[in-house]
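Contents: one structure, followed by commentary.
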Amino acid sequence: MTKSFVGNVVLRGASLDVHPGEVLGLVGENGAGKSTLMKILAGVHEPDSGTIEIDGAPVTFGHPIQAQQAGIATVFQEFNLLPERTIAENIYLGREPRKGRLVDVTGMEREARSLLEGLGITGLDPARRVRTLSVAEQQIVEIAKAVSLDARVIQMDEPTAALADHEVALLYDIIGNLTARGVAIIYVSHRLREVLHLCRTVTVLKDGEQVDTRPASELNESTLVRRMVGRPMSSFFPPVRPGTETGKVRLELRGAGNDHVDGVDLTLRAGEIVGIAGLQGSGRTELLEAVFGIAPLTRGELLIDGVSVTVGSPRQAIRHGMALVTEDRKATGLALQQSILDNALGVVRSVFPGRTPAARRDVPGLLGSLAVSARSLGQEAQFLSGGNQQKVVLARWLTTHPHIVLLDEPTRGIDVGAKHAIYEVMRELAAEGVAVLMVSSELPEVIGMSDRILVMRDGRLAGELPAGATEESVLSLATGVGEVAS
Amino acid sequence: MSITVRQGRTLSSTTIVFAVLVLAIVAGAIITAVNGRNFFSIGNIDNVLTTMTILGLIAVGQTLVILVGSLDLSVPFVVSLASVTAGGIMAGQTGRIVPAVLLTLLVAVVIGLVNGLIVSQLQVHGFIATLGTGLILSGYLASNFQGSHGEAPRAFRLLDATRIGPVPIATLIMLGCAVLAIVMLRRTRLGHHLYAVGGHAEVARMSGVRTATPIIAAHVICTVLSAVAGLLLLARLGVGQPTVGSQGSYDLMSIAAVVLGGTLLSGGKGNIVGTLAGVAIFAVLDNVMGVMQLNPFLKDVVRGTVIVVAVAVYARREIDRRPARFGSASPTPQEVR
């Protein structure tokens, strides 16, 4: 079984071969082109050039269904499941078995059960609604669906990102079970230890190019990281501004918790940039949401400038000098149909109406210093590029002159230039004595920008690392998989 | 290999709506008794069932449309149109009953097809699409019919007058349609795909479902059931009435009954049984308020309150989709097998 591509800008001439019964690891930094490659194989995107061959015969996919029919199934991080339907109904959606004219519900559930048992899963009732399932169980349903499609290649995107340890062991069993039947697995993961343990062959992507493919036995974690990163990171992140001083404690949490995070002790000082790392679902966003009053703390204490305060809503948080750049700028960061000016003044107008005229005067200069490229202040935010949108989000908060800035994935999905501009803003804020708390999934970013790194796992702080910690040490804290010498 | 299971701790919407129905019946029985009458008398039950029949038919259709993620605001005008069309063709002659019924249903199919095609092919939300077709129908009715039109022959009026025990034939027709709809939803691919498209059209499409088919089918079934309701109203009144649908506010009342029955207004979740219970709650309320001789304004206040409270109760259960990881409210994981 062979597949090869020559791809587009995101993907430059990457190719890979998968053999029956093999687990192929696909690794690379965020933006290296892994997702693009997966989506091409899943039939979501079409390649600009290049071919996909199955058993030597070239195929083209115009629709995800065609990829499935050709035997390639994909388990995305965002599951394609209907929460209100049962396990069996989800597995057989679009192919419901019938007896005469009617759907054979009991037969369908029986088949789903034997399918799950074939994967080594018992105790999962096919009549249960998917919404009642844990993330691990939903993933099992996705895999079962792939198996029921007679998939010969199953792609898995970060399958262990949201799983607990015993669930990871279960996934390994399932993967072993599948490869024994001759199914090939393309396994995309940031967890290098896992990839080395699970995969026979590993392909490394960097900046859209395939830099290496070799047997896992010839690799170890540090050689992998070197191939993945392959460039000095230090030059990319601007240095700390001269004169930046770590001052008094701006924000402190003592034993803080709510439904999603627990037992968080944290101090954030003026002039500091503190990074929060952790796997997806580890409670990073939830921690920021708790501090900002979106899901207020129900336990413990929150102190601002040494004074214990209650933050029961974002409005109160803003009044206490906080700002939150959310991870989804289109949904919660901006009013897309409003102008750049209205967006930049959105928070000031509603929370500090008296300061609006002054903020209005500041906006042009602020946007200029952020290097927002737009036709006019009246342009609607939806027509800006992702990077410019993110700068407008920053402007929206900087007009409030915050003392504590919370950033959730501040550079997600934006180009390198805009990333750099946002890093500069963070350094500038720190120099002005603002305390910055940043959540990011990109380890180089966390490591390159933070004065200290807090690592979260399962809704709690798993530990703290100094500036310049290695990716391995962050990952081992995040996964809870033994310490790595660093 | 064992799996950790979180036990569901909230009641299903259908359980709640039936609890409310029982409560309404008990309260109704007591209030009726205080007013010196018997809620469970044949006459009174007949009154409740008659009220249920028309709204029930329309609400069953509306359930399908809402489940698939659309809405149908044209139903009252389809009801009126069916009543005047069939009444006009029958013109009091028994021999014309069959062609009149068939032609009326054909008209309904066409309207439903138009609604479904606008929603599925032009990507116009059902709210707007059926607002448009409804307006067109209402304009046609207003400019072509003044007062009652046509006449139902005696044989057709028997449809309303005949009872099996205490149950009117018309109610049986409604229940029959409801049962067919239930079987369709539970046991046919169309039904399964209807839920899938309403739940997440993209997921359905990625699984190979033709997403237009359930949308069009739901709209056609809804207008056909509305036309059947119009025919039953013709049988009851004896003449076609161009305003009979809008007077009943069947658009909003049917949507209210569906939502009261626990179906998500955004689609993908819900069932016919809940809708029937929702319709029954409205029928019992109307009956009891009739016995109490409440003024019309108070009746509407009660109806409105019931709808808002019900949806508020459901909404509380839908808000937090992310399960709690910590805290007393979090369900204890249980190990099974």
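Even glycines carry a Cβ here, placed using N, Cα and C.
Marked as transmembrane segment by TrEMBL: B:16-36, B:48-67, B:73-90, B:97-118, B:124-143, B:164-185, B:215-234, B:255-285.
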Distant-in-sequence neighbours of the transmembrane segment (B:255-285), which means Cβ under 8 A and at least six residues beyond its ends: 12-14, 16-18, 20-21, 24-25, 28, 48-49, 51-52, 55-56, 59-60, 62-63, 66-71, 178, 181-182, 185, 195-200, 299, 302-303, 306-307, 310-311, 314, 318
CB contact flag for the transmembrane segment (B:48-67) and the transmembrane segment (B:215-234), at least three pairs under 8 A: yes
Cβ contacts under 8 Å made by the transmembrane segment (B:124-143) with residues that lie 6+ beyond its boundaries: 65, 69-78, 80-81, 84, 111, 114-115, 118, 219, 242-243, 246, 251
Closest-packing stretch to the transmembrane segment (B:97-118), where packing means Cβ pairs under 8 Å, from B:16-36, B:73-90, B:215-234: B:215-234
Seg_contact(the transmembrane segment (B:73-90), the transmembrane segment (B:215-234)) with at least 3 CB pairs under 8 angstroms, min sep 6: yes
Within-chain partners of the transmembrane segment (B:215-234) [C-beta distance under 8 Å, separation at least 6 from its ends]: 53-54, 57-58, 60-62, 64-65, 67-70, 72, 74-75, 78-83, 86-87, 101, 104-105, 107-109, 111-113, 115-117, 119-120, 126, 152, 156, 159-160, 170, 173-174, 177, 181, 190, 194, 197, 240-241, 244-245, 250
